[in-house]
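Accompanying notes for the structure given below.
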Amino acid sequence: MPGKRHKHSKKGFSIHTSLLCLILSGSILTLFGILYVDNIPWHIGTLMIDKMAVNFGYHKPVYAIVIDAGSTGSRVHAFTFHESYIGSHLVLDKELFKFNKVGLSSFVDNPDEGAKSIDVLVEEAKNEIPREHWTNASLFLKATAGLRLLPADKAENLLHSVKTRLKQVPFITSEDAVGIMDGIDEGIFSWFTVNFLLGRINGNPANTVAALDLGGGSTQVTFAAIAPSSLIHKDRIHLAPSPKGNIPVYTHSFLGLGLKAARKKILTHGQKDSKNITSECVNHIITGRKFKYGNEIYYVSGPKVNFSTMNSKGQNEFWVDEEIPIVNMEKCNSIIKDFVLQNSKPPEELPNKVIFAFSYYFDRAAEAGLIDPLSGGRIKLEGFKNAAVDACTNPNADQPFMCLDLSFIWILLEYGLGLKLETPINLFKKIDGHEVSWALGAAYNFLNRVKY
C-alpha cells in the first residue's frame, strides 16, 4: 500500500508540474506578445508562438482547395492552415501545387470534356489531404480572363459542366464555389498573397509592396493606396483583408493586356480576317509558326519582303560576313506602344512602390536569362528592354515570339504602367516555398468569411 501511495503521489506531482509549466509558458508567451509583438514583424512573433503551441500538440488543421482555371492552363492549390494562438488568424503550414497546361476555355465547344480535365487536379488534392478531413475541406474553382473573354453563354455552359462534376467530389462545395473571378478580386488576392508571404501585412499600408500579375488574358496592378492621386479613383479603391483589419488598395485589371491576348492583338495588327498572318514583330526566318490562344489557331510568319537586316560582323560568329535578318524594332515597337497606350493608364503612385512582379513577368525573365529560374531575383526595368533588343536582333527559330513578348513587357511596364527604366523589379515564382498567385489570398479570404 505504501508503494502504491508513493506511485500515485509521483504521478500527481508530474501532472501538476506539467500543468504548471504549461501555465507559466502561456503566461510568458502572452507577456511576450503584449510587450513585443508590435515591435517585430507580426508573422515572426506568431510563428514562434505557434511553433511552441504545436509542440504541445495543440494543432487543428484547416484545409482549402483552390482550382485556378486560367486562360493557358488550370492549377490546383491545396492549402493546409491552422488558427494562430495570438490574433486568431490563419497561419499557412504547407501547400500542394500542381497544374495542367490546357486552359478550361480551350473546351469552349466541348464543356463536358472541359469538366473532365479538372479530375486529375481533384485527385491531386485528395492525395494531399488526409481522407478523414475530406468532408471538412472546402473546394472552389474560379476561372479568370480566359472565360471572361468568351461569349457569356459559352462560358456559362463550361461552368455548368464543372459544377455538375464537382458535386461528385468528397470536399465541401458551396453554391457559389464555381464561377468567374472578377479581375478586381484577382488583383486584391494576388496582392494579399505576396504581402502575406513576405510578412508585410501588419496593419501599416506603407510596409506593403505593389503586386503586378501578368496572366495570359489580363494583367492586374494592385498596391496600398496612400496618395490622393490614387484615392480619387473611387472605382479602383477596394478593401483588402489583413490579420489586423482591412487595408484600402488601388487595383485594376486590364482585360486584354495579358501576354497571350496582347500577342494575338499585336500579331494580327493590320491583318485581314485570316489564320495565316505576317507580323513585323516576328523575324523573317519564321514561316507558318503555329500560335494557339483559346480556341483560335494562327499560323505566323515574318515579313518576306522589305525585312530588316544587320551586318553580322562582330555580332554573331555563325553569320560571319553576312547580312542577318532581324526584327524591325521601330515598326514593331510602334505597334506595341499604340496598343498598350490605347488600353492602359499609368497609376501615378505606382512608381513610388516596391515592385513585385510574377506569372509571365517571371517566366519571360527566366527564359531570357535575366534571373535564376528557380530562385528568381531582382532586375531593373531596363533589363527587360535590353533583353528585348537582344531577342529582336538575334534570330532564334526556337523562340519565335520572344522578341515580341519581351518588347511588350518592357513597353507595358514603362509606358502602360509608368515605371522608369531604373525601377527595380522583384521577380519571384515562389516566396518562402509557396506559389505566388491569387489562390492563397482567395483561400484565406474564403476561410475567414465562413469562419473555417
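Glycine residues also receive a Cβ, built from the backbone N, Cα and C atoms like all the rest.
Given the structure is predicted, the values throughout are model-derived calculations rather than measurements.
Copied over from TrEMBL:
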type: TRANSMEM; residues: 12-37; note: transmembrane segment
type: ACT_SITE; residues: E186; note: active site, proton acceptor
type: BINDING; residues: G216, G217, S218, T219, Q220; note: ATP binding site
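Take the binding-site residues G216, G217: by the count of other Cβ atoms within 10 Å of each Cβ, the lowest one is G216. Sparsest Cβ environment among the binding-site residues T219, Q220 (other Cβ atoms counted within 10 Å): Q220. The Cβ centroid of G216, G217, S218, T219, Q220 marks the ATP site; residues of that chain outside this set whose Cβ lies within 8 Å of it are S71, T144, A145, G183, E186, D213, L214, G215, S253, F254, L255, L257, G258, L259, A261, given in sequence order. The 10 Å shell around the Cβ of E186 (active site, proton acceptor) contains 27 further Cβ atoms across the protein chains shown. In this structure the C-alpha atoms belonging to T219 (ATP binding site) and E186 (active site, proton acceptor) are separated by 10 Å.
Taking the Cβ of S218 (ATP binding site) as reference, residues of its chain lying under 8 Å away and at least six apart in sequence are, in sequence order, T144, A145, R148, G183, E186, S253, F254, L255, G256, L257, G258, A261.
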